[in-house]
Amino acid sequence: RRWLGQHFLIDHSVILDALDAAAVTDGDRILEIGPGTGNLTVELVKAGAVITAVEKDRNLADKLRTQYDGDDAVTVHEADFLKWNVAREFEHRGVYPGDAHRAKVVANIPYNITTDILKTLLPMGDTFGDMVFMFQEEVARRLIRQDSGASDYRPMSVRVHYYSEPYYIRPVTASCFDPPPNVESCLVGFRPKPRRELPALRGTEKQFFSFVQACFAQKRKMLKNNLRAVCDDEVIAAALEDLGRDEKTRAQQLTMDEYVRLFNFV
């Protein structure tokens, strides 16, 4: 169903690489978003995982329920993940903040909701450990880049690095899917930080990301011009000096750590 962005993963080697990257072992609790035809689910079961699968397509959800009827290792929810209460479900299953055995996420997700899924899951570092997703190659490269200064550096890149340690796993060709997508794909991983390890802010996280968004408001302008929407020239000059940056610095040149310092200074 094209409106659901369905491209089913059929290459077995990619599925095994996803499990290996997430270090799935016996007894792991796994969140699988968009299990589709269940190719990944089968391998998760073989690895001894306990799976909570969230599938929006009613027909596919029914098939998976029938396939795993009576198997306590697989629970299938027919739901739109973005409207589903993931925190309530995993607290109910015994994964509590601070638990040394955090749950994991392994999923081949529709590319049109990748950003929204990351915004939901990455702040849940006390609940989830390793996360492995199928991503559009271009988007993944932009999100996980360690350096700044590139034209494709975005506020979402700052968000990803604030909440996690992202890493590239492997490319995935279009022939690995049925039907083949029109874009290049890859496996990408994220290691969410427990909340105690998040950078300290002199404000709320919502305020911080609104501040970062304001800094990127007009990418062609220098950072100091965008900052005038939130503070005066004297504060801007002092803040840039504190960072060791000159007045011609642009938003895409700052790293996540520098954005935290800038926010706290301002």
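Glycine is no exception: its Cβ is also placed from the backbone N, Cα and C atoms.
Those TrEMBL annotations? Automatic predictions, nothing curated.
Under a cutoff of 8 A between CB atoms, and with a sequence separation of 6+ in the same chain, the neighbours of Asn108 (S-adenosyl-L-methionine binding site) are His7, Phe8, Leu9, Gly34, Gly36, Leu40, Phe133, Met134. According to TrEMBL, the S-adenosyl-L-methionine binding site annotation covers His7, Leu9, Gly34, Glu55, Asp80, Asn108.
Averaged across the domain 'Ribosomal RNA adenine methylase transferase N-terminal' (14-194), the predicted model reaches a pLDDT of 89. Among the features that TrEMBL reports, domain 'Ribosomal RNA adenine methylase transferase N-terminal' is placed at 14-194.
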Using only the Cα atoms of His7, Leu9, Gly34, Glu55, Asp80, Asn108, which the record gives as binding S-adenosyl-L-methionine, return the largest interatomic distance in Å, rounded to a whole number. 20
